[in-house]
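**Student:** My questions will all concern the structure given below.
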């Protein structure tokens, strides 16, 4: 069947901001799909609200709209563009839900827009719990006994009938939002009440819990001619009961017999055929370990997180093929782009094992609820490839970047057996490390299998790692054993610890005996056919398949797993840097460990090494490739942290050099440089212990801002008001980086702004100045940023430009640099300088039309700004107003306080652009799911420091028709000032406290601030978490509330009596 000629223009819906459960995998899928459709000659219109993505680059689609993904905006774009068809299956749950909304509102029918890939009935059958149940019955596929409920009472009735535990799954939600396992009525009542609110159709499925079964996934493809195949099978290390996004996953499946594999494979193919999906689909099944009985858990009728993993694990480009199937091409028409000779109808065969480990945000949120269940909590993931399970598991552990280089966590050897077992029984994000510790203490794998229901096969692999550790201790400097340990994935560092030496000596020993890794190709066909892909992984075997090319090469280090503080923005910069390296005539080589991203798509670079970003692994690749140099600027803190070791090893670092990186990161050197350059900064000192810290704070005067040096995303940063708080900070937080001292600065409450600059060493281009809406003290990644600035005087802007130039030249910056300023009484202070690409690069590149990472790379490779046609200084401003707004994932993270402060908490971002500030703000709020109606009730619960400021806000809210409610102290203050408000009980005042009113839907927004003391007030935290659970807009910074007020005021007419 040929591709369709009756459609010319296709609209693709992106997945919006990155939240837990929906991360960079959709940027990868969307980019692949848009390029595939363009390749086939279609006109592509893309809509997405997330500027930090490659898919929203102008080259990816014919027309790109960065607008809110709401019914109002998407239907306007549809009316304007009049596409023939809509492809919603590449935008995750957001894309599917948008297609459903457009269809239900009658817009698709009115405009004659056809849905491609998955029909509405298939989306309904897979997503609507009732229809799914019916379809499975018709197919004779077993599913756990279940009932759809729309009330809490019905849920309790059904649970009593089948017995606890039961699982709750709300319909049409993402990443298991609102779901959970309930072992009694009390828990069930809470979860269902919340789940019904979160489900857009007010439905929950209550089903028998099959926790403890093996969880298996199949990634399947089908075309319009009913050809179907399995691209990849995957097995979760953790049994059913833990969300697959939070599970350790191996591909292909490891513990299934041939019969079991065929059974589940056939079921998956039957399901995709019954749903008539044209494209990709993910089927999750539960297998009873003791019999051949299985259950179908769920079906995702779209490209998903697992498809990104399956694509990278096999090399088979699922999203690209799915997009082509959607326009009528068949699997047996399309060549497999990996081999270039076999067809896409060919099922991939793997001669290696892949491990995926989730990356959790609990290094940032130490107080968060770490227990795992059916609701996803990981922000990102890493993947590692090896010939053996032990090898890929240990490589994946090193890739996580949580300070471990082995399946071993510092400090676990000192905990009691009781505590150890408690951690193993209750699955947490770090259970793998507790299991490994138990095996080191001599627990048997049978005991652990009994406690966890994890298959003995996997536990035996962990035991084998422990046995190798013991052998290494017994036989120091045994070369045969060294080879054995390397084959099973041990790092030089771990072997060095066991042999009581250092990693450098192990490296020398390995090289002396020629114990070196070889690189194998990922080729989809287990080396049966010749392959064209330059996609490699390391292993300790004989034949090396990665041949150094004749061309001079440059290696770019990626940024590893997505976590809070280091998101998809850095991947964006990496991909752009590669484009510039290729344009300059070099071979571009990427090293990265994240399966979700565009940078690890093998068609992006000339060579891709899927490896942990550690010194050992990076050096191995450098020794093989002998590149011109390595670029670290675009890999976030991950890459910058390797600068020192690489420089010492004699590796040429391209761009800003180590001593200049140090000058920006090392406190004393930085102060000295600023003095020499005549640039003011807030008074500050360094301290290495509690006594020094107290002395420093007394000299500077409270409040002070304290933080460790060399960190990203404001990790462990706090505003401290008094000596007691400082003592407790020094006790708990300084473990963040022991070799580096703690920085103590005077905290200046002023306006914050930031600049990204690009320098060639002689002249400096400043694409734009971004002004933050929230005042200093809120992390820049959590602030709304406005470009061009709206409230900075010409004099202040000139000063910012002058200081930026002085810093870039003074610190010998070649490439990118990010500087943050605070402004108080027209005085400009520098708060920090990062000599690398920052998270604002994609946003600024989009709004100024300067491909910043590409320009920076060209300068790093020796060109000048003048060569590229750019002037020195500030680039002319755009005529539109653009806003970058943060998006948070608090709804997924129980017990994490949503109060904004100097530690970053947002997971993603959106952009709003329009002719006026108010319109741009409106779009940014809509895109970040902060919708406020034009009237309603708003609650004020305000700290003493902010009451007079809040009074002005309350009066303005009242003037546009909002009813004002306030807690006791705030209401009393308002009354004294002549403003009436309705008193509301804080917590525990039964039917009239804030959580109760929130549950009844009687509150439309809450403004809750905490004084500079930032005392952890239990009440405030409960109010904040209730607002998040109920999806009610919550403002913890008055400046954000003022911004929202501007929007509401601009939308309402004033009514005054004459």
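Note: Cβ is positioned from N, Cα and C throughout, glycine not excepted.
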**Student:** Can you pick which of 707, 727, 806 Swiss-Prot lists for the same ATP 2 site as 746, 748, 752, 777, 778, 779, 780, 820, 832?
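**Tutor:** My reading of Swiss-Prot gives 707 as the candidate in that site.
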**Student:** Say Swiss-Prot lists 169, 175, 176, 208, 210, 215, 241, 242, 243, 284, 298 as binding ATP 1: which of 129, 330, 359 is in the same site, per that record?
**Tutor:** 129
**Student:** Look at each of the binding-site residues, 242, 748, and point out the one with the fewest other Cβ atoms around it within 10 Å.
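**Tutor:** Looking at the binding-site residues 242, 748, the Cβ with the fewest others within 10 Å is that of 748.
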**Student:** Name, in the order they occur in the sequence, the residues of the same chain whose CB lies under 8 A from the CB of residue 834 (Mn(2+) 4 binding site) and which sit 6 or more residues away.
**Tutor:** 664, 817, 818, 819
**Student:** Of the residues named as ATP 2 binders, 707, 746, 748, 752, 777, 778, 779, 780, 820, 832, how far apart in Å are the Cα atoms of the most distant pair?
**Tutor:** 18
**Student:** For 215, 298, listed as binding-site residues, tell me which one has the smallest number of other Cβ atoms within 10 Å.
**Tutor:** 298
**Student:** Relative to the Cα of residue 748 (ATP 2 binding site), which of the binding-site residues 175, 298, 300, 832 has the closest Cα?
**Tutor:** 832
**Student:** Just give me the nearest neighbour of residue 832 (Mn(2+) 3 binding site) among the binding-site residues 129, 175, 208, 215, 300, Cα to Cα.
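**Tutor:** Out of the listed candidates, the nearest Cα belongs to 175.
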**Student:** Which numbers of helix, strand and coil residues does DSSP report for the region 'Oligomerization domain' (402-546)?
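**Tutor:** Each residue of the region 'Oligomerization domain' (402-546) counted once, the result is 75 helix, 11 strand, 59 coil.
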**Student:** What is the separation, in Å, between the Cα atoms of residue 820 (ATP 2 binding site) and residue 129 (ATP 1 binding site)?
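**Tutor:** Between the alpha carbons of residue 820 (ATP 2 binding site) and residue 129 (ATP 1 binding site) there are 49 Å.
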**Student:** Using DSSP with the three-state reduction, classify residue 298 (Mn(2+) 1 binding site) as helix, strand or coil.
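**Tutor:** In the DSSP reduction, residue 298 (Mn(2+) 1 binding site) maps to strand.
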**Student:** Please report how many Å separate the Cα atom of residue 175 (ATP 1 binding site) from that of residue 298 (Mn(2+) 1 binding site), as a whole number.
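**Tutor:** Spelling it out, the Cα of residue 175 (ATP 1 binding site) and the Cα of residue 298 (Mn(2+) 1 binding site) are 12 Å apart.
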**Student:** Consider each pair of residues in 129, 169, 175, 176, 208, 210, 215, 241, 242, 243, 284, 298, all listed by the record as binding ATP 1, and report the largest Cα separation in Å as a whole number.
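**Tutor:** So the maximum pairwise Cα distance among the ATP 1 binders is 20 Å.
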**Student:** On the three-state reduction of DSSP, what should I expect for residue 175 (ATP 1 binding site)?
**Tutor:** coil
